[in-house]
Amino acid sequence: MDDAGKITSTSHLIVSPDEGTFLDLFKHIVLSDLGSGAKFFRASDQRVPATAAYYSRWPVSVFICKILQLFQMPAAMLGHLTDFLLNFYYQNHGFLGILRNIFLIRLKIPKRGEADFISTIGYLDSRMDLHGTPMVSHQADEVISNADNPSLKEGHNSKIKGALGNRSLMDLCIMASKLAYENTKVVERVVAEHWKMHFVADYGGMNYFQDARNTHAFIFCDKPKDANLIVISFRGTGPFSIPNWCTDFDFSLVGLGDAGSVHVGFLEAMGLGHRNSISSFETSINTKSPGSITELRKESEMAPDHLVWAYDGVYFLAASTLKGLLKDHKNAKFVVTGHSLGGALAILFTCILEIQQETEVLDRLLNVYTFGQPRIGNYNLGYFMQNRLNFPERRYFRVVYCNDMVPRVPFDDVFFTFEHFGTCIYYDSRFFGYFTKEEPSRNPFGIENAISAHITAWWELWRSFILNHVYGAEYKETWESRMFRILGLFLPGVAAHSPVNYVNSVRLGRELAIPLMSLKMMAQGY
């Protein structure tokens, strides 16, 4: 990257499950045939594929993606059917209601995209209200003033401690992350009626590699005029979306100069490029977003062909809207959040703002909270962002629940070196939280972790029947959530990824008396 903040190097290593066959994968794993393994790679340095084929854990990723791709159409059909049946059941008020409505000839047929059509994720956790009371404007004022209060900045110690203590903001973030899975009408209704806030926009950005408008984010403020808080929430991994899951397991990297290497799939999800045209990443990232959504739409009409697609991506849509809101609301600060893939996009959004040297925008960043976020880049990206984002105060908090598999992918190994950065808030299955540099058990498929993970899954299933008796009706789990926990008996890391666990962790979490890493060590930047 040069002095103007322009990306001048786009080295890359693309791992493509489609480039080889199951036979090639078998020959590589069983017969140690490096030539067969190298078929799955495409790199800027032609010497790299053979080295990568020898050293890394990529066969696990490729095998998982190839198996998942076999079920892409059935999974999509199952997702549509599940959504329809759940909405049909609840909109007609259960089995007896269905029979009654048939008899009265007033059976209700759910319509996707309507304000009462809830996603499967929404039925896993039916809570829509913020914890206690909505974060009304004066509470948003407190969040901002506390963040700016110098008396709270004793080193970094108090600031870190405040991350667990500021439950209203954390709760708003996890609820916004969960709400991002819903359609626009549901999002608008919940923001306005349940949270008493101001809905701004809901965007569906184009992913040109997957040829689908499947990246979503919505934006809202605490009030329509003189807002203090702006929130951007990115949608996470769809439970029945095979392309989303393959993106999480993808190993592909593209180098962005001094900023290190970034996950290709996440850049594509943001609409910032296409792996079959590596130069597209350089072009889009070297182009700053316009100052408002109105300016973006005007410029997109006159933009050259190589930028039209980028302007239709969720990054440019969200960044332009944010800039316009920051101009309109002079005292506002903004928060970026997301669950799962949405968490990766949330922190990547912030990284791109930094790479583009959007200093005026980043000066008004309050926090980034991600929940169950996968790794988005290598060590160099973390090194590039750490001092810029977490100094002089920590603004990026990565929340991880227990055995959740997604924060542990893509795998880190001696070749790809995917690594997290920022401050990790880790919650165990009893909702004890502590600060750490990295969540324990970095490899979700290690045999040494299998026994404890399955024991925890049994405990979580049993806990789902008693939590409401201990903490109140708010914590009564739906039968859909319990069914998902039964799946967790076989795949613990998948069931642990449920937003139910993250909402409960934020609301019931308490700090571990003797954390594995002390706050003092964290304050010293360990």
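Note: Cβ is positioned from N, Cα and C throughout, glycine not excepted.
For 79-99, the entry in Swiss-Prot reads transmembrane segment.
Over the motif 'GXSXG' (338-342), the average per-residue pLDDT in this prediction is 97. What Swiss-Prot records for 338-342 is motif 'GXSXG', and it gives similarity to another entry as the kind of evidence.
Per Swiss-Prot, the feature active site, nucleophile maps to Ser340. Taking the Cβ of Ser340 (active site, nucleophile) as reference, residues of its chain lying under 8 Å away and at least six apart in sequence are, in sequence order, Gly236, Thr237, Asp248, Phe371, Gly372, Gln373, Pro374, Val406, His497.
Positions annotated as active site, charge relay system by Swiss-Prot: Asp404 (among others). Cβ neighbour count for Asp404 (active site, charge relay system): 26 (other Cβ atoms within 10 Å of its Cβ, all protein chains included). DSSP assigns Asp404 (active site, charge relay system) to coil, not to a helix or a strand.
Neighbour density for His497 (active site, charge relay system): within 10 A of its CB lie 28 other CB atoms from the protein chains shown. Swiss-Prot lists His497 (among others) with the feature active site, charge relay system.
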Beyond a gap of at least 6 residues from its ends, the CB atoms lying under 8 Å from the motif 'GXSXG' (338-342) belong to 174, 177-178, 180, 217, 233-237, 244, 247-248, 266, 269, 370-374, 406, 497, 499, 502
The transmembrane segment (79-99): which same-chain residues, six or more beyond its ends, come within Cβ distance under 8 Å? 107-110, 112, 116-120, 123, 238-241, 480
Does DSSP give Ser340 (active site, nucleophile) helix, strand or coil? coil
